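Sequence annotations record features per position, and here TrEMBL assigns active site, cysteine persulfide intermediate to B:CYS336. Marked as pyridoxal 5'-phosphate binding site by TrEMBL: B:ALA82, B:THR83, B:ASN162, B:GLN190, B:SER210, B:GLY211, B:HIS212, B:THR250. Under the heading [2Fe-2S] cluster binding site, TrEMBL lists B:CYS336. TrEMBL lists B:14-376 with the feature domain 'Aminotransferase class V'. TrEMBL lists B:LYS213 with the feature N6-(pyridoxal phosphate)lysine.
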Amino acid sequence: MAYSEKVVDHYEHPRNVGSMDKDSGDVGTGLVGAPACGDVMKLQIKVSPEGIIEDAKFKTFGCGSAIASSSLVTEWVKGKTLDEAAAIKNTDIAHELALPPVKIHCSVLAEDAIKAAIADYRKKSGQGEDEAEQAAG
Amino acid sequence: MTNITLARAPGQPIYLDYQATTPCDPRVVEKMIPYFFEKFGNPHSRNHRYGWEAEEAVEIGREQVADIIGADAKEIIFTSGATESNNLAIKGVAHFYKDKKDHIVTVVTEHKCVLDTCRHLEQEGFRVTYLPVQTNGLIDLAELEAVVTDKTAIVSVMAVNNEIGVIQPLAEIGAICRKKGAFFHTDCAQAVGKIPLDVNAMNIDLMSISGHKLYGPKGIGALYVRRRPRVRLVPMINGGGQERGMRSGTLATPLCVGLGEACRLAKAEMGAEGERLHMLRDRLLNGLKARLPEIYVNGDLEQRIPGNINISFAFVEGEGLMMGVKDLAVSSGSACTSASLEPSYVLRALGLDAEMAHTSLRFGLGRFTTEADIDYAIGHVAEAVEHLRAMSPLWDMHLEGVDIKSIQWAEH
């Protein structure tokens, strides 16, 4: 199977590979996927007091499309508010990277990773519970 | 050994996928050429010289095929390839003996064309036993002996597995089948020309052979069908009654010539070539082990053809790795490209976890593989694995001492 140029570029020159301290209060971590399925993504975001994503890092076990999807979203989320980042859709990722149909799940996983990282940050900073209470109330 | 080299165009990867197919040896091509134009006759034409010279060429090919497996030329049926041979052997025997016997025994790691044939026969009402394999990829002979009964028409066990290269104990299987009165069929697509085979010493009743796996042309194979004691088949292709009525259709003279010559060369060079490949494979494995921790060989290392090695690179996904080793043409046990996302059923049958099955690469070495190819491959693979481990969250967990099996993963 031939990969798109953008997938190859992200695979060969992945952006923002790395880890941040998952116990830090301003870091949210999302770990999604499963080794048995051949894809695991870890996405971390560092959020400013103003609620802006200042930095993002990823580590991914998976095929080239999974690596490219996670690399791409670290670029996209930087500078965004949490709500803006949460609005990133897998279809945007798939479109940007020209993923073939069998690789759509990679973009779904990347979207899940953003949402998981945001949820983790909100839970830590107490926002998650507020929202849950609001929803329940 | 040959001094012929396989030229590569700029950007063309090094070919290390000899279990998928092999190049047709130029010496084979040369023998085939005259039978396309100058000697184009129908080998079944009995009335003129055109037919006679084609028939003579086909019969020489048949003898050469027979010779490499210790058979008589009369016992060789030309087919389109090993898939057809496997279909003909299993369906042909099952159908012919169906009034007396309704049971088939095969193995879970067989090629899809054997497994799918057996599934098809199950739908027709036959019973099929799929033997498991041990963690080294070999069957347990006691288990085989226990399942073969007087209702078993045929036992089909491949000689060499296409993914992990392991060699099943053919002589022992043959002895069990003979004792129990079941025919023994073996898919030898990956074995002919790689390991010594003898249909009599091994009590093999039917054997499938492929042309393009042994440096012959694609589109031809053969089925060995024993004459004493006689094995009978219901043909799948009806027509003019060629090939003792078992496979009608005009023979493709150049392909028969090519398969024969490929067998002749393989037999002549098997010993020296086997040693050379064994040395190259050890060099590859040792070179990779010296560079990379946490790599594992899949399948038995001793009972294996010299030209195959299948390695799991823990914490690195196979398809991602294949993208990294773009200067090599190899295969992965990860089936991420398929819609199912299921990793190799062969590796799973060894008891490998799905995550380990996802991390495997198959290296197939062959006649035109050089030491320089292997040395390049070692460095290239090691770099790609290191690059990917540096971005693998599972590798981090491993370094931190976290057991990835202890984590509750959300299966997707």
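Any Cβ shown, glycine's included, is placed from N, Cα and C.
All TrEMBL annotations are machine predictions without curation.
Structure coloured by features recorded in TrEMBL.
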{"residue": "B:ALA82", "record": "pyridoxal 5'-phosphate binding site", "CB count, 10 Å": "28"}
{"residue": "B:THR83", "record": "pyridoxal 5'-phosphate binding site", "CB count, 10 Å": "20"}
{"residue": "B:ASN162", "record": "pyridoxal 5'-phosphate binding site", "CB count, 10 Å": "21"}
{"residue": "B:GLN190", "record": "pyridoxal 5'-phosphate binding site", "CB count, 10 Å": "27"}
{"residue": "B:SER210", "record": "pyridoxal 5'-phosphate binding site", "CB count, 10 Å": "29"}
{"residue": "B:GLY211", "record": "pyridoxal 5'-phosphate binding site", "CB count, 10 Å": "32"}
{"residue": "B:HIS212", "record": "pyridoxal 5'-phosphate binding site", "CB count, 10 Å": "22"}
{"residue": "B:LYS213", "record": "N6-(pyridoxal phosphate)lysine", "CB count, 10 Å": "27"}
{"residue": "B:THR250", "record": "pyridoxal 5'-phosphate binding site", "CB count, 10 Å": "13"}
Largest inter-residue Cα distance among B:ALA82, B:THR83, B:ASN162, B:GLN190, B:SER210, B:GLY211, B:HIS212, B:THR250 [record-listed pyridoxal 5'-phosphate binders, Å]:
30
For B:ALA82 (pyridoxal 5'-phosphate binding site), what is the secondary structure by DSSP, using just helix, strand and coil?
helix
Of B:THR83, B:GLN190, B:THR250, the binding-site residues lying within 10 angstroms (C-alpha) of the residue listed as 'N6-(pyridoxal phosphate)lysine' are B:GLN190
Can you tell me whether DSSP puts B:GLY211 (pyridoxal 5'-phosphate binding site) in helix, strand or coil?
coil
Averaging the pLDDT values of the domain 'Aminotransferase class V' (B:14-376) gives 96
